[in-house]
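Q: One structure coming up, written as structure tokens, with questions to follow.
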Amino acid sequence: MSKKKLSKGQQRRVSANHQRRLKKTESKVEWEDSQLGDAQEGIIISRFGMHADVEATDGVVHRCNIRRTLSSLVTGDRVVWRPGHESLAGISGIVEAVHPRHSVLTRPDYYDGIKPIAANIDQIVIVSAILPELSLNIIDRYLVACETLEIEPLIVLNKIDLLDDESRQFVDKLMDIYRALNYRVLMVSSHTQQGIPELEQALTDRISIFAGQSGVGKSSLLNALLALDEERILVNEVSDNSGLGQHTTTASRLYHFPHGGDVIDSPGVREFGLWHLEPEQVTRGFIELRQYIGSCKFRDCKHENDPGCAINAALDRGEIAVERYDNYHRILESMAQVKTRKGFSDTDN
């Protein structure tokens with residue numbers, strides 16, 4: 001006998017009950033005020049349920065409790081915390097307050113709406129590669145997310161050592177599409193170190209987060225940039241059959257680059273869904289389309305074969321790259337398919 005399918009409301013209640021049971025089982029140390037030292041500044045370098053690792057200004061990391069009013073605390077948050085005079089059950093302090101964020105990286109969740117996964121990000125490094133496949137569509141999806149979140153992007157094309165001269169010219173011409181839009185593009189190889197000094201310079205004095213599909217070499221790049229020996233960002237062997245790497249990072253964590261700057265490695269960036277956006281937001285996410293918004297003959301213009309479409313006219317004049325225009329419509333189509341498949345609508349929020 002087949003199981004009865006749960007409704008969306010039932011699924012949310014099951015998930016909420018599960019989270020409540022998990023929280024009840026967590027070891028929670030209760031501090032008396034007399035057991036705590038003076039308040040000081042720190043940064044969250046990782047979050048685990050009701051605990052967080054806080055790096056103090058002297059670089060020492062402390063495992064801390066989190067005040068119940070700070071449930072949305074994420075890696076990268078600047079906080080005020082108080083150390084305990086002695087460690088209690090492995091906990092050495094408590095996070096008391098969080099400073100306002102200048103940016104927050106979020107992702108959509110079918111049950112909980114928009115969830116923060118990292119804070120105070122200065123740039124999103126979009127890593128792509130010629131293998132397993134160079135996908136401009138994936139790059140454009142990440143760019144839409146960056147524009148929507150108002151976080152500066154940096155496009156990094158990895159594994160360029162695998163290109164011959166002719167292929168490199170072709171790929172370089174594709175990257176000119178983004179350079180023409182004033183997006184920064186770096187072509188690198190973690191194997192030969194080509195372009196790595198330029199990448200290090202772009203990462204200095206900033207908090208970055210790396211985004212990209214499995215197999216493009218994110219972990220290999222990060223391990224090289226971080227010069228990690230014992231403590232490495234995990235990466236599995238690439239499958240001989242699929243050519244896709246297996247992502248094994250499970251919790252967001254902030255690392256310091258030896259050349260300056262920081263990176264937050266987070267599994268959440270693999271799940272940059274756009275299905276929660278409105279079509280108008282996607283249009284604005286393509287920066288070259290913004291100037292034509294509101295100029296079409298009809299207000300409900302779909303920017304396809306509609307008469308009087310300002311975007312199509314710009315495409316005909318060569319003011320918009322065909323590749324970007326095609327990806328724009330692919331993204332809108334995929335969003336509509338996901339919403340239909342998941343039964344998502346504004347009333348579900």
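Here the Cβ of each residue, glycine as well, is placed from N, Cα and C on the backbone.
According to Swiss-Prot, the protein has these features:
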COMPBIAS  1-11  compositional bias 'Basic residues'
REGION    1-29  region 'Disordered'
BINDING   N158, K159, I160, D161, G212, Q213, S214, G215, V216, G217, K218, S219, S220  GTP binding site
BINDING   C296, C301, H303, C309  Zn(2+) binding site
Q: I'd like to confirm something. Which of the binding-site residues, C296, C301, H303, C309, has a Cα closest to the Cα of I160 (GTP binding site)?
A: H303
Q: Reduce the DSSP letter at S220 (GTP binding site) to three states and note it down.
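A: It is helical.
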Q: Cβ within 8 Å of the Zn(2+) site's Cβ centroid: which residues qualify beyond C296, C301, H303, C309?
A: Y292, K297, F298, K302, E304, D306, G308, A310, I311, N312
Q: Have a look around N158 (GTP binding site) and count the other CB atoms within 10 A of its CB, chains all included.
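A: There are 25 of them.
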Q: With the GTP site defined by the record as N158, K159, I160, D161, G212, Q213, S214, G215, V216, G217, K218, S219, S220, how many Å span the farthest pair of C-alpha atoms?
A: 19
Q: Quick one: Cα separation, S220 (GTP binding site) versus C296 (Zn(2+) binding site), in Å?
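A: If we compare the Cα positions of S220 (GTP binding site) and C296 (Zn(2+) binding site), the gap is 46 Å.
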Q: Quick check: in three-state DSSP terms, what is I160 (GTP binding site)?
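A: The residue in question, I160 (GTP binding site), is helix (DSSP, three-state).
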Q: Taking Cα atoms as reference points, rank the binding-site residues G212, S214, K218 by distance from C296 (Zn(2+) binding site) and give the first.
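A: Minimum Cα distance from C296 (Zn(2+) binding site) across G212, S214, K218 lands on G212.
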Q: Spatially, which candidate from the binding-site residues N158, G212, S214, V216 is nearest to C309 (Zn(2+) binding site), comparing Cα atoms?
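A: Closest recorded candidate to C309 (Zn(2+) binding site) by Cα: G212.
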Q: Quick check: of the binding-site residues listed here (N158, G212, S214), which one has the Cα closest to that of C301 (Zn(2+) binding site)?
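A: The smallest Cα gap between C301 (Zn(2+) binding site) and any of the binding-site residues is with G212.
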Q: Please report the distance from the Cα of V216 (GTP binding site) to the Cα of H303 (Zn(2+) binding site), rounded to the nearest angstrom.
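A: The Cα atom of V216 (GTP binding site) is 33 Å away from the Cα atom of H303 (Zn(2+) binding site).
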Q: How long is the line from the C-alpha of N158 (GTP binding site) to the C-alpha of H303 (Zn(2+) binding site), rounded to the nearest angstrom?
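A: Roughly 33 Å, rounded to the nearest whole number.
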Q: Only counting partners 6 or more residues apart, tell me which same-chain residues put their Cβ under 8 Å from the Cβ of G212 (GTP binding site).
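A: I126, V127, S128, A129, I138, Y142, K218 - these are the non-local Cβ neighbours of G212 (GTP binding site), listed in sequence order.
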Q: When you measure from the Cβ of H303 (Zn(2+) binding site), how many other Cβ atoms are you left with inside 10 Å?
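A: There are 20 of them.
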